[in-house]
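For reference, TrEMBL has these:
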TRANSMEM  9-29  transmembrane segment
TRANSMEM  41-62  transmembrane segment
TRANSMEM  83-106  transmembrane segment
TRANSMEM  112-132  transmembrane segment
TRANSMEM  153-171  transmembrane segment
TRANSMEM  183-209  transmembrane segment
Amino acid sequence: MKEAELRKLLAANLLCVFSVILTAVVPAFVWDGFTVLGTHLAWLCICSVCVSTLNVILHLVLKTNLSPKRSSFTHKISRFLKCCIYFFMSCILFHAIIVLYGAPLIESVTETFLFAVLLSTFTTLQCLCVLGPNVQAWIRVFSKNGATSVWESSLQMTTICSVFGAWFGAFPIPLDWDRPWQVWPISCSLGATFGYTAGLIIAPLWIHWNRKQLTYKSR
């Protein structure tokens, strides 16, 4: 394993964590009354856009996509359009899954969809940046011992942590505590965000700790 790649991963992940923190702090200086809880839908949009933009820039600069690349302009346009379609389909799929798990079907459509967009940003967008619109590569990475790089190992952890964070965030909603953060989908989106940031921090540490066992043979 190359230590340089691990350092790049650590720097990129820390920047992503920092960007999430900034989305909760910076808007308050230019938007009177802005809070993560009080203006939660606005924060969902800001967080999704900022994290998406930073991730795309980082992966383009660091060239984390290890798949063969073609210089054809037509191929690049086709790849970009496929990524956009996959991301939109992911938002729709997450929205449907969230509704099936008990989210309001009609009353809070906007809230549910924006939460689905946030969850897609933390999971599907990462897959598109690292693996591209290659479903077979996605299946390989999320199978046992399927990662072939530090970026793919980090992708596994951040994706799993984000989904489990959102799932655990749903537990306080039905409780009769009458807290502001129990309003749908605040606790779930905060849970997903905490899970995502935890995955970003844990991934480089876990990879460093197990670097002798991780050989990442090319496939």
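In case you wondered, yes, glycine gets a Cβ from its N, Cα and C as well.
Among the stretches 9-29, 41-62, 83-106, 112-132, the one making the largest number of Cβ pairs under 8 Å with the transmembrane segment (153-171) is 112-132.
Among residues of the same chain six or more beyond the transmembrane segment (183-209), those with a C-beta under 8 A of the stretch's C-beta atoms are 1, 6, 9-10, 13-14, 16-17, 20, 36-37, 40, 44, 47, 98, 103-104, 108, 111-112, 114-115, 118-119, 122, 150, 153-154, 157-170, 172-173. Beyond the ends of the transmembrane segment (41-62), by six or more residues, the same chain brings 8, 12, 15-16, 19-20, 22-24, 27, 31, 34-35, 110-111, 114-115, 117-118, 121-122, 125-126, 129-130, 189, 193 to within a C-beta distance below 8 angstroms of the stretch.
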